[in-house]
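> Below you'll find the structure I mean.
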Amino acid sequence: TNSSDLRPSFFILASIPGLEAAHFWMAMLLCFMYVVAVTGNCAVLFIVKTEPSLHAPMYFFLCMLAAIDLALSTSTVPRVLSFYWFDTREIGFGACLVQMFLIHTLSAIESTVLLAMAVDRYVAICHPLRHAAILTNAATAKIGLVAMARGVVFFLPLPLLLLPLPFCDSRLLSHSFCLHQDVMNLACASTTANVVYGLTAILLVMGLDTILICLSYILILKAVLRLASWKERLKVFSTCVAHICVVLAFYVPLIGLSVVHRFGKGLAPLVHVTMGNVYILVPAVLNPIIYGVRTKQIQRRILNLMHIHNN
């Protein structure tokens with residue numbers, strides 16, 4: 001039998017057994033978080049664009065993060081909301097693969113941008129006199145293009161590797177959106193190539209980025225400890241606090257979701273669905289809040305906008 005004959009026309013998104021009656025209120029919570037994410041990230045893009053003092057590599061990278069978070073949340077949350085509010089549990093096979101590609105590719109791009117931000121902090125602290133020469137606006141734009149190309153090259157094969165596979169009778173996913181591991185587990189043929197390539201891509205992108213980010217902060221910490229006073233050390237290291245929080249907001253849900261997929265087959269469906277939603281929405285919600293709290297220029301611009309609006 002041709003594998004295309006065993007290809008499902010759709011998959012079924014996961015609900016939470018016993019909590020179907022609470023879907024409306026769960027959707028309201030997700031909708032609120034989505035609105036906060038969209039508003040916060042759009043505000044970051046607008047403020048950086050209109051504030052000349054923020055036209056620097058660190059804030060251009062922040063704009064890249066905001067754009068990625070907008071794209072990632074928009075590619076998933078509206079579909080999840082339609083499922084919770086209107087019980088449209090079916091998602092077409094092609095639409096599922098496209099959504100999967102967007103989720104994994106955008107996550108890889110975000111990981112690369114976080115690494116670039118760590119390098120920016122390293123150069124600014126350890127080689128301040130060379131910072132302007134190394135991280136020019138042109139170099140920042142090139143890094144953004146490399147991040148996009150890296151994500152596409154590494155994660156485009158994931159949906160393509162699923163196309164030849166035949167699928168069994170089960171079409172039920174364990175999340176409210178499509179992930180490679182989730183769809184792959186429904187195949188009724190050997191998925192060794194998918195497992196090996198997926199793991200390799202994750203290690204060469206997110207895994208390598210994590211190591212390099214940690215290395216950057218080890219070098220930063222060494223440079224900070226060479227400073228004479230604790231006051232100077234805290235002042236310099238405080239410029240990294242926002243980035244460290246953003247890194248944790250991205251990697252902790254990512255690692256948690258990976259652990260659930262690898263070792264949590266016996267866990268309740270609530271855990272899978274919750275971890276998936278946390279992975280998609282929490283970074284998008286927290287990133288603009290973190291930088292809004294930690295960046296005086298952004299705070300000042302927000303207060304000015306609020307003052308103008310009130311007048």
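Glycine too: its Cβ is placed from the backbone N, Cα and C atoms.
Here TrEMBL flags 40-291 as domain 'G-protein coupled receptors family 1 profile'. Taken from TrEMBL, the feature transmembrane segment applies to 24-47, 59-85, 91-119, 140-163, 195-220, 241-264, 270-293.
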> At an 8 Å Cβ cut-off, counting only pairs 6 or more apart in sequence, do the transmembrane segment (140-163) and the transmembrane segment (59-85) clear the bar of 3 or more pairs?
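With 3 or more qualifying Cβ pairs, these stretches touch.
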> Averaged across the domain 'G-protein coupled receptors family 1 profile' (40-291), what pLDDT does the model get? Just tell me the whole number, please.
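Mean pLDDT for the domain 'G-protein coupled receptors family 1 profile' (40-291): 90.
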> Counting only residues 6+ away from its ends, which parts of the chain sit with a Cβ under 8 Å from the transmembrane segment (195-220)?
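For the transmembrane segment (195-220), the nonlocal Cβ contacts are 107-108, 111-112, 114-115, 118-119, 121-122, 125-126, 150-151, 154-155, 157-158, 161, 180-181, 184, 237, 240, 244, 247, 251, 254, 258.
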> Under 8 Å for C-beta pairs, could you tell me which stretch among 59-85, 91-119, 241-264 has the largest tally with the transmembrane segment (24-47)?
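Stretch with maximum Cβ contacts: 59-85.
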> Using a Cβ cut-off of under 8 Å, list the residues of the same chain at least 6 residues beyond the transmembrane segment (59-85) that approach it.
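Residues 13, 15, 23-24, 26-27, 30-31, 34, 37-38, 41-42, 44-45, 48-49, 91, 99, 102-103, 106-107, 109-110, 113-114, 116-117, 120, 137, 140-141, 143-144, 147, 176-177, 246, 277, 280-281, 283-284, 287-288, 291.
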> Using Cβ atoms and a strict cutoff of less than 8 Å, what residues sit near the transmembrane segment (241-264) while being 6 or more residues removed from its termini?
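Distal contacts: 65, 107, 110-111, 114, 117-118, 121, 179, 181-182, 202, 206, 210, 213, 217, 271-272, 275-276, 278-279, 282-283, 286-287, 290-291, 293-295.
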